[in-house]
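Below you'll find the structure, written out as structure tokens, and then a few comments.
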């Protein structure tokens with residue numbers, strides 16, 4: 001199976017790759033026109049369908065979406081964690097100038113851990129229960145530093161545990177994952193992913209399983225570490241509040257496609273896509289009228305096997321009719337919207353969007 | 001082959017994002033998990049072939065008296081005139097002919113085909129009866145132990161361990177003749193129904209433990225599930241909890257273990273009859289046939305061949321079908 | 001309001017013995033002496049982080065767990081240790097909604113059977129038949145009544161949660177304990193379900209005990225809020241009191257830790273250090289003192305009582321409650 005081939009010719013939605021961002025040349029991670037498909041019993045799943053973005057070192061990209069939006073699959077594709085027998089990946093993923101798509105397993109493995117690392121949502125299942133936490137971190141170090149001896153690896157692991165704020169790191173080194181609390185486990189997980197100084201860190205819902213006060217600690221820790229190691233971070237989350245707090249750029253995904261991309265100010269302060277409006281208005285807030293009803297997005301997230309034709313969001317979109325039949329027949333391209341670098345995939349014109357958004361804000365009362 | 005993480009995530013996302021408009025197209029009546037399993041089973045060629053074979057064997061066993069009528073020969077009829085002076089059947093391949101399809105038994109001169117059909121009937125009856133009884137005992141004890149827990153669980157566990165610790169073969173060897181002796185005395189003619197009954201009882205006493213453990217484990221896993229708590233919070237009693245809420249969710253493993261227990265009992269019956277503690281020669285059965293045939297392994301190989309190949313095909317078909325059933329009922333366990 | 005409380009909880013505790021082999025080696029004080037009331041038609045939010053005992057409390061209220069001590073009075077009757085038979089009439093008025101929309105529905109039952117279960121278990125035959133009642137309930141929670149014969153796996157998470165709500169409503173309860181009913185749902189679906197619960201609460205005059213870790217969701221649903229920490233209520237009060245004038249340091253920390261869409265960038269936050277201590281061995285005195293920036297000697301020596309301040313509805317268990325001042329002031333105070 002050759003996954004480096006571009007998507008097969010004659011593909012119905014084979015459209016030109018989306019122009020990548022301005023800072024593309026010096027970005028550490030560049031993803032362009034990424035497509036990930038799985039063949040399943042029930043049909044072909046287009047988990048990711050033409051997504052492009054770039055992340056520079058020292059910046060954080062927040063990828064936002066609901067279940068089935070393809071956000072997690074995107075991150076796993078970057079790490080090369082897929083079964084080549086069932087998965088078709090096309091497009092380009094460049095990590096530090098190296099093309100990952102089509103690379104041999106062995107080489108991707110070498111990149112993984114050293115150049116890019118992942119933080120999972122559930123550290124308990126990501127850490128091996130029968131080995132001490134310290135040993136796992138030291139192993140992770142020695143995989144990429146074969147010359148390091150046991151003592152050096154241990155020292156490095158203890159330093160990392162200390163760095164991520166685990167008290168008494170030398171004693172904690174010899175403890176097992178179940179002896180750590182949830183927050184401490186996530187810290188250990190972060191220590192493990194940072195042990196080889198990766199330039200790219202992918203955090204998939206890193207705080208979803210944690211309590212708010214601990215979440216705040218972990219988010220602070222990630223920000224501190226980023227300032228120190230100057231790494232590029234992808235933060236995958238469903239929580240817009242978290243994105244607003246730590247991200248520099250935001251990518252909003254829906255049904256395996258990017259629907260909006262821009263800086264955090266652009267996307268959260270001047271959202272362009274009706275889906276983003278819906279997300280913002282459905283989040284309960286600590287401010288504003290507590291007695292007012294929340295404004296949910298009607299309907300349910302779509303199935304990736306049976307994606308609605310045209311704009312995948314149209315069955316749930318309040319304004320789908322305004323764009324005429326195009327919303328049902330034509331997949332909207334990601335194009336420039338308003339401010340510099342702000343992209344949106346919507347059939348509505350800029351004027352229409354501005355008018356509807358103003359209407360929306362007036363109706364919902366969530367001016368952010 | 002396990003799922004790759006990417007795929008796992010994608011499939012999870014598909015499952016969580018089932019489109020509400022999807023079922024609307026399919027019609028108002030939904031497909032139950034059982035129906036879905038049936039559809040998967042239908043698509044599995046091995047399951048279909050082995051299933052058809054099993055049904056064929058079952059029909060043969062059920063229709064044994066009819067076949068006897070059509071065939072015109074009974075299982076106890078002897079055809080001494082078809083044997084030579086040494087008691088060996090005349091003709092080729094153990095006396096296979098248009099009249100005696102599978103030939104004749106050396107010595108007694110009974111028809112092998114009709115004895116095979118009746119042997120099948122006996123074996124299947126014993127195996128199904130034993131599997132049903134063991135499954136029932138296992139389900140009841142396992143479900144009670146798992147759901148109620150506490151001292152009852154401890155007692156049932158203790159009995160299970162005790163049963164497992166008893167050596168099946170030795171006790172079967174010791175028990176069967178003793179019971180027979182107790183009921184019929186030294187010289188009494190043992191009825192075939194009694195022999196069958198003793199065999200089933202021996203299987204029932206020893207066979208329930210695995211089902212009980214299986215059910216207990218499943219019930220413990222389900223007990224803390226929220227739908228069970230929802231029923232408890234509505235005030236449901238023990239009967240409702242066990243039979244309405246819990247059991248419907250563990251039919252799948254029970255069915256699989258049942259379908260794998262049947263061939264096990266078939267071979268056990270054959271083995272016991274073979275070593276002489278099972279059925280008497282009066283009752284046609286696989287074990288007795290094979291036992292008798294071994295003396296003629298060299299002189300009349302056809303006598304070994306027919307019962308041997310039938311029991312092999314039967315057990316093989318059952319095992320294949322059991323495995324296919326497991327895959328169909330629990331698609332995630334396969335691959 | 002002068003109504004008698006519908007639910008009256010006093011000194012409610014649940015201690016789980018920790019066993020090693022056959023010997024009990026310790027006691028997890030999951031819930032340790034709760035007092036609160038819920039009036040008819042009132043919504044009380046129980047909030048706190050994991051391990052604070054909120055879920056255990058909910059399970060005790062519907063008597064899925066046996067309380068260790070204390071009392072639960074429902075509608076004037078003591079149900080703390082009532083048996084299944086005595087509970088039966090009360091079950092109908094006291095129902096629960098679960099967190100996990102996947103685990104809370106029996107996968108082998110049709111939706112119709114799931115929703116009808118409480119009726120059948122209690123031998124209730126509604127006028128017009130069970131099916132009509134079930135379809136009415138499905139319609140009430142915004143599902144197509146024709147989906148009566150479908151199985152849970154054919155529905156999405158949000159729809160499943162609606163089925164769970166319909167089941168809880170089947171017996172026309174007066175009080176519903178909702179245990180994290182929206183935390184497993186997608187954001188856009190969460191809002192749908194919160195709105196549905198609000199509508200039902202208003203239309204049917206239901207009282208709710210709403211258990212959640214998300215203070216923002218609770219703010220949109222509850223009239224009164226109780227904040228729990230390590231098995232205790234540290235602060236209880238009306239919504240406005242808790243969200244605008246929190247007096248307990250923990251409430252303040254919790255509120256300031258919530259990432260809010262309306263604030264971009266690393267906002268000023270009260271940084272709590274460390275994790276919640278284990279309920280196996282809770283700190284002496286005030287349980288929050290190990291993470292509190294105001295802790296003094298008295299906090300370790302003496303457990304603060306949950307006492308009302310300013311004669312109002314708001315009660316705080318703290319030796320040094322905040323009297324006034326906004327959260328931002330506190331942040332400055334902490335960071336300086």
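Each residue, glycine too, has its Cβ placed from N, Cα and C.
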In TrEMBL, which of the ranges B:72-97, B:98-123, B:124-149 has the transmembrane segment annotation?
B:124-149
Between B:23-44, B:155-176, B:221-242, which stretch does TrEMBL give the note transmembrane segment?
B:155-176
Any contact between the transmembrane segment (B:124-149) and the transmembrane segment (B:188-208)? By contact I mean 3+ C-beta pairs closer than 8 Å, pairs at least 6 apart along the chain.
yes
Please give the sequence-distant neighbours of the transmembrane segment (B:47-67): residues at least 6 beyond its ends with Cβ less than 8 Å from one of its Cβ atoms.
41, 114, 117-118, 120-121, 123-125, 313-314, 316-318, 320-321, 324-325, 328
